[in-house]
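Worksheet: the structure to be examined is printed underneath.
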């Protein structure tokens with residue numbers, strides 16, 4: 001009687017099958033698969049053909065692109081193909097050598113996986129591998145917000161099985177534009193022509209977005225759109241729609257923070273004249289550092305940016321002026337009212353000076369931005385829809401008056417305020433002092449002379465010191481914008497679900513034409529390029545130094561002024577032993593075509609002068625010889641051996657002029 005298979009038997013391995021999913025690059029992952037774990041099958045008794053039959057019955061597909069990888073390894077490093085019996089033997093050997101467990105992946109879309117891995121490795125060689133702390137864009141006064149490279153619950157290719165959203169397209173050509181380039185004219189396709197008979201075309205575009213902050217000071221995507229080019233007209237169109245959606249009017253009470261794009265600056269002046277428009281300080285610093293380099297400029301610039309009072313700002317600018325008047329004039333021309341806290345309007349509950357929330361959103365959708373336009377918009381919609389739901393569920397679990405990020409900041413200030421002394425001077429008014437620095441605090445008006453409280457809506461260090469003096473709770477003095485109630489109002493609304501493309505209605509309009517094709521040089525970039533100054537601020541140790549002005553030393557004697565080819569010790573040692581019979585010291589009778597008379601006989605022994613004492617051999621440093629050098633050395637040895645075999649040549653006494 002046959003016994004049932006025992007899963008603990010040594011011939012049984014556990015195989016986890018992943019199928020009905022899709023591979024995606026950078027890094028290589030397998031999205032949205034169906035999984036099946038097989039523990040009671042003796043795969044060691046199978047051959048490759050039997051294994052494939054078992055796999056086809058399990059997955060109900062006939063795909064031939066099968067891969068396997070150890071569970072503890074990443075797909076980009078440990079993936080292997082399974083196409084023949086040799087691969088299947090390797091599959092079994094690896095499984096038995098690593099806890100008898102293996103992952104198997106089925107590729108239903110014939111993806112170029114190893115091309116992706118090779119491209120990813122080539123990109124990683126050119127990337128700056130140093131982790132810098134500048135991925136978290138923040139300053140010492142502003143409220144923390146999410147990191148640029150934060151990980152979000154992005155929908156992992158949830159549109160991968162939609163036939164309409166995954167039509168294969170031709171690759172994008174990246175060529176330099178020349179004088180003879182003629183922009184292509186795209187015809188209007190016949191309305192009656194089926195979609196699958198149209199020519200797939202990939203065109204370039206740019207994603208523009210408006211991202212806000214929620215009550216927990218995290219990103220809140222408001223709107224996004226795709227335009228052919230970022231200019232004044234496209235931004236005016238986008239701002240018009242945005243103001244209509246949020247009932248912004250002319251921008252009264254709204255604070256905008258941008259990277260200083262000229263088209264955006266002009267569009268804001270026309271469409272939102274009453275809004276406070278700030279410029280990203282990091283972008284200004286990047287341009288400033290191209291003209292005025294040095295750590296002193298960087299430190300003084302950030303002191304000017306973070307100066308919360310006009311007096312502090314003027315003092316820092318005077319220091320810059322004393323170093324270089326041109327640097328002072330450059331910063332004044334950039335309108336300090338748009339990038340220094342000293343001139344920001346109070347009561348906005350935001351003192352941000354960097355455009356970090358937009359960079360965070362761009363980083364979150366970086367995978368979707370590589371997709372065709374409709375697929376990209378669908379994946380962004382799914383990302384925002386799921387994020388709104390998850391954030392609302394998370395906020396409903398908070399049993400707090402204010403949001404966690406703000407609460408963490410308050411706790412940090414409670415520790416630092418212990419060094420400050422508080423002197424009461426009136427009803428709810430105090431003077432907070434540390435050494436020779438003092439600020440006046442008004443708890444009723446929620447104001448401090450440093451203006452940080454008025455800018456952020458959160459009690460500053462001096463305000464927390466005055467509140468602690470009364471043994472009050474500092475959370476009660478925080479603005480209503482940071483409460484849990486305000487957080488839940490932010491995520492009160494949701495994005496409605498959308499049916500698949502098969503159920504989309506037909507509209508009686510002309511299909512929109514793609515924008516004009518703009519071919520740009522180089523490979524398109526999807527990740528934000530960090531300026532060199534950002535790496536310096538983060539303390540990155542990776543630097544590039546020019547060789548100009550450096551002193552070159554010899555590889556043999558280690559002395560400056562020459563190299564190995566011109567080293568005196570190397571030349572003297574080379575002249576002591578000729579390398580060929582064609583040299584000046586060789587017998588002329590051995591040269592080709594030389595039929596001259598033989599050399600005269602040597603003088604008698606009595607007339608010969610005494611031989612000089614042998615010179616001490618000069619020490620030679622062993623130098624690594626290349627392959628070509630070893631080949632030349634071997635040829636020289638062979639020639640010397642042939643000369644010894646020629647009659648009358650070598651160490652023969654009749655011909656002493658030839659040296660062996």
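For all residues, glycine too, the Cβ spot is worked out from N, Cα and C.
The model shown is predicted, which means the values in this text are computed figures rather than measured ones.
Lifted from TrEMBL, the feature list:
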type	residues	note
COMPBIAS	513-530	compositional bias 'Basic residues'
COMPBIAS	538-547	compositional bias 'Polar residues'
COMPBIAS	568-583	compositional bias 'Polar residues'
COMPBIAS	596-617	compositional bias 'Pro residues'
COMPBIAS	619-631	compositional bias 'Basic residues'
DOMAIN	439-471	domain 'SWIM-type'
REGION	506-547	region 'Disordered'
REGION	561-660	region 'Disordered'
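The DSSP breakdown of the domain 'SWIM-type' (439-471) into helical (H, G, I), extended (E, B) and coil residues amounts to 14 helix, 6 strand, 13 coil. Residues 141-143, 308-309, 341-342, 344, 346-351, 406, 409-410, 413-414, 416-417, 420, 422, 424-425, 427-433, 477-479, 481-482 of the same chain, all 6+ positions outside the domain 'SWIM-type' (439-471), place their C-beta atoms under 8 angstroms from a C-beta of that stretch. Across the domain 'SWIM-type' (439-471), mean pLDDT in this model comes to 93.
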